[in-house]
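Sequence annotations record features per position, and here Swiss-Prot assigns D-ribulose 5-phosphate binding site to Arg37, Glu38, Asp42, Arg150, Arg151, Gly152, His153, Thr154, Glu174 based on sequence analysis. Residues or ranges marked as Mg(2+) 2 binding site in Swiss-Prot (evidence: sequence analysis): Glu38, His153. Residues or ranges marked as Mg(2+) 1 binding site by Swiss-Prot: Glu38. Among the features that Swiss-Prot reports, site 'Essential for catalytic activity' is placed at His136, Glu174, with the record citing sequence analysis.
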Amino acid sequence: MIQSLLTQFGEPLTRVENAITALQQGQGVLVVDDENRENEGDFVFSAEHLTTAQMAEMIREGSGIVCLCMGEERIKQLDLPQMVTHNTSQNNTAYTITIEAKEGVTTGVSAADRVTTIKAATADNAKPEDLSRPGHVFGLKAKTGGVLVRRGHTEASVDLMQLAGLKPFGVICELTNPDGSMARLPEVSGYANKHNMPVVSIEDLVQYIQIAQQKVS
């Protein structure tokens with residue numbers, strides 16, 4: 001069923017290219033994983049172009065758990081420890097402690113405040129002292145090697161930013177249904193069509209990167 005629903009958004013490589021173009025233009029995309037994994041669709045926006053309106057959309061239409069996806073280098077730069085020392089989550093989701101911008105926010109939970117926090121954490125010269133802990137933005141550590149190593153939304157978001165030539169920081173949040181349940185591919189597709197957003201699967205991204213690597217070699 002996944003492929004039949006996805007084909008309305010083009011062939012696999014076209015879906016990736018459409019997602020890259022949208023991100024370069026400051027827009028968001030929806031990324032779906034495998035039916036046998038989380039079977040969820042996530043909003044993905046670039047930290048670089050993130051707006052308050054986009055953050056508000058994630059809070060309003062999603063789970064409200066907005067995460068900033070970063071590679072190991074930025075995690076070290078900000079001195080962000082993992083949320084737990086012994087990760088027992090089903091998909092080994094690598095949460096860091098939560099963060100807040102030290103300046104420019106009030107309570108930290110509004111859409112504008114969360115954008116301020118993300119901008120502070122992803123600034124070129126960002127320092128640990130720029131952030132308070134805990135806060136209202138969840139950090140996620142992407143595995144080195146991206147989706148070829150771990151087929152998660154975290155890695156997919158960072159890989160997409162790199163393919164788009166943007167700073168390697170993705171902002172993600174799970175899309176939910178009006179009743180609060182998780183949106184599966186049929187609902188993700190419906191939302192994408194209504195809001196003119198590209199949809200791409202993590203498997204599409206794996207295929208795209210593998211083909212690109214083969215061309216280089």
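Note: Cβ is positioned from N, Cα and C throughout, glycine not excepted.
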Quiz item: Across all protein chains in the structure, which of the recorded positions His136, Arg151, His153 has the highest Cβ count within 10 Å?
Solution: His153
Practice problem: Give the residue from the binding-site residues Asp42, Glu174 that has the most other Cβ atoms within 10 Å of its Cβ, counting over every protein chain displayed. | Solution: Asp42
Quiz prompt | Cα-to-Cα gap, His153 (D-ribulose 5-phosphate binding site) vs His136 (site 'Essential for catalytic activity'), nearest whole Å | solution = 20
Quiz prompt | Conformational class of His153 (D-ribulose 5-phosphate binding site) under the three-state DSSP mapping | solution = helix
Exercise. May I ask for the distance between His136 (site 'Essential for catalytic activity') and Arg151 (D-ribulose 5-phosphate binding site), taken between their Cα atoms and rounded to an integer number of Å?
Key: 26
